[in-house]
Amino acid sequence: MRNFIKEAFADFFFEYETPRQVLVKNPKVGIACRILQLGVLAYIIGWVFIYEKGYQIQDTAISSVFTKMKGLAYTEQNGEERLWDVADYVFPDQGVSSFVVMTNFIMTVGQTQGKCPELADGSNNCTTDADCKKGEYKRTGNGRMTGKCINGTCEIQSWCPVQDDRVTPNPPLLAAAENFTLFIKNSISFPEFGVVRSNLVESVTPSYMKTCLFDPDNQPLCPIFKLGDIVSLSGFQFSKIAQLGGSIGVLIEWECNLDLRIEKCLPKYRFEGLYGNNSAASVGYNFRTAKYYTEDKIQRRTLMKVFGLYIEIIVHGQARKFDIIPTLTAIGSGVGIFGVATVVCDVLLLHLVPKKNFYKTLKFKSIPEEEEEPESLKMDQTKEPKQEN
Amino acid sequence: MRNFIKEAFADFFFEYETPRQVLVKNPKVGIACRILQLGVLAYIIGWVFIYEKGYQIQDTAISSVFTKMKGLAYTEQNGEERLWDVADYVFPDQGVSSFVVMTNFIMTVGQTQGKCPELADGSNNCTTDADCKKGEYKRTGNGRMTGKCINGTCEIQSWCPVQDDRVTPNPPLLAAAENFTLFIKNSISFPEFGVVRSNLVESVTPSYMKTCLFDPDNQPLCPIFKLGDIVSLSGFQFSKIAQLGGSIGVLIEWECNLDLRIEKCLPKYRFEGLYGNNSAASVGYNFRTAKYYTEDKIQRRTLMKVFGLYIEIIVHGQARKFDIIPTLTAIGSGVGIFGVATVVCDVLLLHLVPKKNFYKTLKFKSIPEEEEEPESLKMDQTKEPKQEN
Amino acid sequence: MRNFIKEAFADFFFEYETPRQVLVKNPKVGIACRILQLGVLAYIIGWVFIYEKGYQIQDTAISSVFTKMKGLAYTEQNGEERLWDVADYVFPDQGVSSFVVMTNFIMTVGQTQGKCPELADGSNNCTTDADCKKGEYKRTGNGRMTGKCINGTCEIQSWCPVQDDRVTPNPPLLAAAENFTLFIKNSISFPEFGVVRSNLVESVTPSYMKTCLFDPDNQPLCPIFKLGDIVSLSGFQFSKIAQLGGSIGVLIEWECNLDLRIEKCLPKYRFEGLYGNNSAASVGYNFRTAKYYTEDKIQRRTLMKVFGLYIEIIVHGQARKFDIIPTLTAIGSGVGIFGVATVVCDVLLLHLVPKKNFYKTLKFKSIPEEEEEPESLKMDQTKEPKQEN
């Protein structure tokens with residue numbers, strides 16, 4: 001037993017097997033196959049490794065965004081002067097990654113619960129009380145019908161008076177929003193690599209931020225953006241989008257090669273409308289919000305239909321770093337492709353070249369079924385069977 | 001030197017090496033090995049390429065969601081009629097991807113800061129002033145204890161009167177929310193492929209949206225959903241979930257094969273409760289919100305404990321498209337697996353078949369250590385050593 | 001034709017080709033090559049399979065988060081006692097994944113629209129009316145200049161009186177927030193594997209939640225966190241961060257091996273400051289919010305500059321499960337690497353070992369260009385050309 005193990009061990013460790021090959025000196029086949037093999041090598045090295053960075057492992061970012069709007073707008077309606085500041089025109093207040101900047105609005109002050117006529121917008125018309133079924137709602141109605149028809153429209157239980165939103169103010173009331181500024185602070189981390197980064201990179205100092213304004217060519221790293229610039233860089237015209245509102249995405253893209261210095265890991269800002277060209281189906285951006293209060297012991301509310309710019313900061317981060325596994329996987333697969341090239345060359349050699357029969361002879365040693373196993377053959381250390389004659 | 005380089009170049013480009021092989025005519029081994037090789041080929045083509053689409057590269061979506069609720073509810077409490085509209089029952093107002101639709105509530109109007117007795121809910125009881133330590137808080141308390149015991153409960157500094165939430169209204173006050181409708185607009189983009197898409201696909205026109213209502217079988221692409229349908233498709237009963245609230249996820253799934261026409265890239269809507277069956281630990285969904293105002297120069301607030309449906313739109317998008325690298329990687333690895341099949345067949349041939357010793361002889365040319373290197377042997381262009389005799 | 005197909009079929013299925021090899025008994029080369037081959041095998045099995053779990057396919061989680069703050073704070077300002085509860089200090093109210101807990105504030109009650117002097121903070125100074133251009137705005141101004149200079153600062157149209165935020169209260173007014181508690185409910189699902197999980201795992205029962213408090217060592221699965229603990233575990237000091245505010249990320253990490261029991265799929269909670277050390281550029285966290293009301297028929301608002309802890313719950317989930325494709329891909333690439341090892345050994349054998357010429361002779365059968373193809377050679381079943389003599 002010990003001898004058997006010892007012999008098996010010696011056989012395993014002290015021997016080495018290598019495939020036998022035929023070396024064909026045929027220039028046409030030689031050149032064709034070398035070109036094929038060099039092509040595969042060029043693909044592996046050039047495309048997989050260099051262009052697609054196949055030797056690197058990839059990780060997606062975890063991100064957090066903080067925003068702060070700044071700016072003031074002034075309106076004069078019916079002799080009433082009014083200044084609008086951040087607490088008035090940003091929804092919500094907290095500085096999150098998606099928010100609305102109000103650019104236009106319809107305000108109905110001091111609504112109270114009660115009964116009043118519906119809006120005469122063409123869908124609530126009636127001629128007699130029978131047209132207004134008590135307790136029911138019209139599809140685009142503003143309240144619960146009471147059963148009465150008053151002056152051509154149904155009477156409803158609702159917050160009264162009903163808001164008249166048939167005409168949206170033009171020009172937009174807060175057109176001055178074009179000059180508002182947005183400050184974005186974005187922190188990303190790549191957990192696989194233990195890297196944490198912020199868009200306030202090395203070159204963005206407090207003094208720089210006091211005066212800078214984002215410009216895609218001259219100041220691409222400034223985290224302060226003029227709202228009008230954001231709109232125009234998205235391909236919209238501010239005066240047009242401000243009346244009925246719109247949705248804009250601010251994309252912060254991080255493409256970091258962590259094999260380089262960390263200072264080269266910089267954000268790129270892009271701006272695009274969020275609902276593309278398919279705007280026929282759904283135009284603008286608006287929502288209704290109300291401020292509730294009590295006056296003379298009656299609960300009241302001021303209803304605002306807010307039109308504005310819905311801004312969403314979307315962070316998309318990918319980092320790459322050298323790792324042994326994708327490298328060896330790429331090499332391993334490359335060797336496999338090399339094998340395919342070899343098969344193609346073999347086909348060339350054995351089927352398309354004039355001397356193919358000769359080459360086949362040399363490549364293959366054919367063993368017919370019926371040939372007897374010569375008794376003189378032993379397992380190992382045998383010389384070439386040429387001794388048989 | 002020049003000759004050396006010229007010769008090496010000729011050797012490299014004009015030669016071609018191909019492995020020498022033994023061609024064994026043994027039906028049993030032949031069939032077994034062909035079946036194994038065909039099996040590997042079937043796996044590579046059938047599973048990796050066709051089923052798992054291994055020739056395609058994958059990308060995850062970046063997405064943005066806009067929502068709009070629509071609907072009216074009517075309540076009559078203590079003779080007081082009230083109509084509830086969107087500005088009243090949706091939190092927050094802005095139409096974001098996650099929001100609450102109020103279905104039930106407990107309202108305490110006109111709270112003011114002051115001292116009043118705690119809620120007699122069993123955890124705030126006392127018999128003497130000593131049970132109520134001034135300046136401290138009970139774990140489930142509503143205020144800061146003043147040190148007095150009044151009528152069996154501790155007196156607290158708090159917004160008074162304390163909200164009595166021991167009984168939740170049943171049936172839910174805004175049970176009419178079942179008929180509210182939700183409009184979802186979802187824009188996704190696949191940055192790797194430069195594709196932008198919206199759930200308002202080609203078949204969803206403005207006129208279609210005026211009348212459609214989502215149905216998983218008949219109208220699977222309508223972006224307008226009835227709240228009651230969303231609840232029932234999640235597996236809940238509206239009347240039950242509306243009383244204490246609940247959380248529902250609306251999943252929009254995009255699985256797009258970008259090798260096909262873009263019109264085939266369509267969203268699928270799924271609905272599921274967000275906290276599964278593990279509801280024993282934490283039932284329902286509620287939060288407290290207050291509307292602040294000043295009346296008679298005193299700051300007051302109306303506190304509402306809101307029970308409702310927390311709805312979260314979760315978008316999950318994946319697109320696939322043909323790419324040369326995963327294709328060649330799959331082929332390369334497949335060739336490697338083919339190599340494993342070859343090794344298995346060799347084992348079969350060399351160890352399990354009766355003529356194995358004979359085959360070993362033909363496959364291996366064994367070189368013993370002690371054999372001298374014949375002087376007449378040269379490096380290249382040598383004919384078969386049969387000349388030695 | 002039929003015979004041809006039958007013969008081709010027999011040739012394909014009843015034959016088997018195996019490469020011919022030279023078996024070299026050279027201990028040095030043998031050991032070197034075996035060590036290299038064993039090294040590759042160890043890499044494939046040890047690193048790719050066991051360490052990096054290359055036999056498993058990976059999926060990223062879809063997640064939903066619900067939060068609820070609890071706690072009370074008491075302030076006494078100018079003899080005015082006030083209790084702050086959840087509806088007062090959390091923004092927004094709904095219990096979403098990112099929110100602000102107010103720890104400090106500057107409150108200006110009852111602002112009205114009108115004209116008043118700017119804040120004397122050094123950037124709004126003037127000596128004559130000419131310094132204040134009517135209709136313009138100063139960069140850090142609070143309103144629209146009217147053109148008058150009053151008592152050294154420009155007069156502005158604004159919400160009056162202007163909020164004086166030159167001094168932030170110290171100690172923070174709601175320092176008691178340190179004892180507030182946060183309850184987090186997190187539901188994740190791995191769509192690829194059809195697995196749904198919640199952070200209220202099997203060991204987290206309703207009775208456990210009544211008394212537990214998160215501790216990284218003793219109670220790592222308790223979903224109730226003390227705000228002071230969250231701050232200190234992030235590396236901050238509560239008293240310092242509470243004055244000007246800060247941003248903290250609560251990371252919930254799921255790393256699940258789905259080949260094991262589902263009970264082993266547990267969340268890990270980590271806490272870190274969101275904007276790292278780069279705080280020189282942007283300190284603290286604050287925003288402005290206002291509560292609007294009408295008093296004596298005049299619209300008023302109470303403006304609050306809120307300083308607080310911005311808390312963001314970030315969920316990062318990855319699940320892994322055995323899958324046949326990554327397993328076979330890893331095997332296939334590994335075989336490719338094995339091929340590279342073979343090439344390296346061949347180089348060793350043919351170029352670095354003393355007997356290299358001898359080995360080359362045995363390995364390669366060289367075919368010169370000019371050799372004629374013997375007429376007696378046939379395509380198949382040919383014996384060794386030794387017959388030629």
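Even glycines carry a Cβ here, placed using N, Cα and C.
Record source TrEMBL places A:C132 in a disulfide bond whose other cysteine, from A:C154, A:C160, is A:C154. The annotation in TrEMBL ties A:K68, A:M69, A:K70, A:T181, A:N286, A:F287, A:R288 to ATP, and of the candidates under consideration, A:K53, A:K297, A:K305, the one tied to the same site is A:K305. Once Cβ contacts within 10 Å are tallied over all protein chains shown, the disulfide-bonded residues A:C116, A:C126, A:C132 are led by A:C132. Taking Cβ-Cβ distances under 8 Å and a sequence gap of 6 or more within the same chain, the neighbours of A:C222 (disulfide bond) are A:V204, A:Y208, A:M209, A:C212, A:L213, A:F214, A:D215. Residues 24, 26, 28-29, 32-33, 36-37, 39-41, 43-44, 48, 359-360, 363 of the same chain, all 6+ positions outside the transmembrane segment (A:331-353), place their C-beta atoms under 8 angstroms from a C-beta of that stretch. Closest to A:N179 (N-linked glycosylation site) in space, going by CA atoms and restricting to the disulfide-bonded residues A:C154, A:C160, A:C265, is A:C265.
Only A:C126, of the disulfide-bonded residues A:C116, A:C126, A:C160, A:C256, have a C-alpha within 10 angstroms of the C-alpha of A:C132 (disulfide bond). In the structure as shown, the Cβ atom of A:C212 (disulfide bond) sits within 10 Å of 16 other Cβ atoms. In terms of Cα distance, the disulfide-bonded residues that sit within 10 Å of A:C116 (disulfide bond) are A:C154, chosen from A:C126, A:C154, A:C256, A:C265. Taking only the Cα positions, the spacing between A:C149 (disulfide bond) and A:C256 (disulfide bond) is 67 angstrom. Annotation for A:C154 (disulfide bond): same-chain Cβ neighbours under 8 Å, separated by at least 6 residues, are A:P117, A:E118, A:N124, A:C126, A:D131, A:C132, A:K138, A:G141, A:M145, A:T146, A:K148. Listed in sequence order, A:F190, A:V195, A:R197, A:K264, A:C265, A:G317, A:Q318, A:A319, A:R320 are the same-chain residues at least 6 apart in sequence whose CB falls under 8 Å from the CB of A:C256 (disulfide bond). In the three-state DSSP assignment, the secondary structure recorded for A:C126 (disulfide bond) is coil.
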